[in-house]
Ligand SMILES: Nc1ccn([C@@H]2O[C@H](COP(=O)(O)OP(=O)(O)OP(=O)(O)O)[C@@H](O)[C@H]2O)c(=O)n1
Ligand SMILES: [Mg+2]
């Protein structure tokens, strides 16, 4: 198969391939960019594989960065673009199930392609657009199949994260995982304990945002992989299955919504949700958004009316809560809450017509611990509509609070 018109991302890199081949080496586009081009999807990073050794690449180009030179990767900088260029390599020894004990540089493309994870990721493309397809990756792309290259057990022993990648690609692309690959995932799922939580997090996040996230979660349950990730107890299979079934035909728009959805489906207490987010090594800001959205969801479940103050407190996490509630209650009217939120007198403390500095400047309130309390009372009174957000009203109110407290 030969691609007639290469997308711009590739044509921009052609001079690099030419420099390498003119020097007598081989060079190909490989991996995700070739796969995504064939699928007609947006192309992210254009990766290059070459028979040239890192030292030979560095001798050919003026500007390079050693991004992973011990594994054979050098980044070539060219007109503001960076191209990860990796020497063909074989790997040996996977005692920790996540990376090779050693890599060996080789001159043969086939050796390099056969250690890659899935057939659709083991395609290479020459500068002239000719596709090198040694493992029927093109056929699998056509048939929407995720299939390990060669023996799936070997591939998963080389890097156990690949099992999560299989689920992630199936969810992103709407592909089915081929039987032998799937069986190997069930058998080797336990190896996932060797993988850093951050890396599993990235894959589970991508899975949940996939167009076939529901099927991806069903695969997460069925493979048993969920048993080997942080803070999801053994025996939660039915919760994951339920999460997957509910998501079929639906998509989640962002990471915060996805993780709030997962926590909600697991039925965690708010305290456990906090521990869960920590165990998965989410950032503090991200966790705060999720916890705030989840708190609102709990309030909604416990009571029928939501107060203005509760809306104010959910703040920018409201769309997350709404998206998750919509998945749970088909008749949930999210617009009602958005409208109510946008008609609040203020949605942020900074929108108050006065701040602490000004309060002190007017002489109404003396600096000290009381001032924080007075400001908080003002904020609350404005949000619930008891007090107008006008400077004169706020000053009068502050004066009243101050004299009352003395
Ligand atoms: N555990 C892994 C990770 C990567 N690869 C190989 O390295 C390529 C690039 O890896 P990466 O960028 O992580 O994945 P992509 O397939 O490019 O997918 P994405 O679109 O998410 O970048 C893959 O296509 C695959 O050939 C692999 O064999 N095993
Ligand atoms: Mg990539």
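Keep in mind that glycine also has a Cβ here, set from the backbone N, Cα and C atoms.
What TrEMBL says about this one:
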| type | residues | note |
| --- | --- | --- |
| DOMAIN | 27-147 | domain 'Poly A polymerase head' |
| BINDING | 32, 35, 116, 159, 162, 165, 168 | CTP binding site |
| BINDING | 32, 35, 116, 159, 162, 165, 168 | ATP binding site |
| BINDING | 45, 47 | Mg(2+) binding site |
| DOMAIN | 174-232 | domain 'tRNA nucleotidyltransferase/poly(A) polymerase RNA and SrmB- binding' |
| DOMAIN | 251-397 | domain 'CCA-adding enzyme C-terminal' |
Binding-site residues near ligand 2 among 45, 159, 162 (Cβ under 6 Å): 45
Cα distance (Å, whole number) from residue 45 (Mg(2+) binding site) to residue 162 (CTP binding site): 19
Those binding-site residues, out of 35, 116, 159, 165, that come within 10 angstroms of residue 47 (Mg(2+) binding site) at the Cα: none
Entries of 32, 35, 116, 159, 165, 168 which, being binding-site residues, have CA atoms within 10 angstroms of residue 45 (Mg(2+) binding site): 32
Number of other Cβ atoms within 10 Å of the Cβ of residue 45 (Mg(2+) binding site) across all protein chains: 13
Binding-site residues: 116, 165 - member with fewest neighbouring CB atoms within 10 Å: 165
Number of helical, extended and coil residues in the domain 'CCA-adding enzyme C-terminal' (251-397), per DSSP: 103 helix, 0 strand, 44 coil
Nonlocal neighbours by CB distance (under 8 Å) for residue 32 (CTP binding site), same chain, sequence gap 6 or more: 44, 45, 47, 121
Cβ packing number for residue 47 (Mg(2+) binding site), 10 Å threshold: 18
Local confidence of the domain 'CCA-adding enzyme C-terminal' (251-397) - pLDDT mean: 94
Coarse DSSP state, helix versus strand versus coil, of residue 45 (Mg(2+) binding site): coil
Structural state of residue 35 (CTP binding site), classified by DSSP into three states: helix
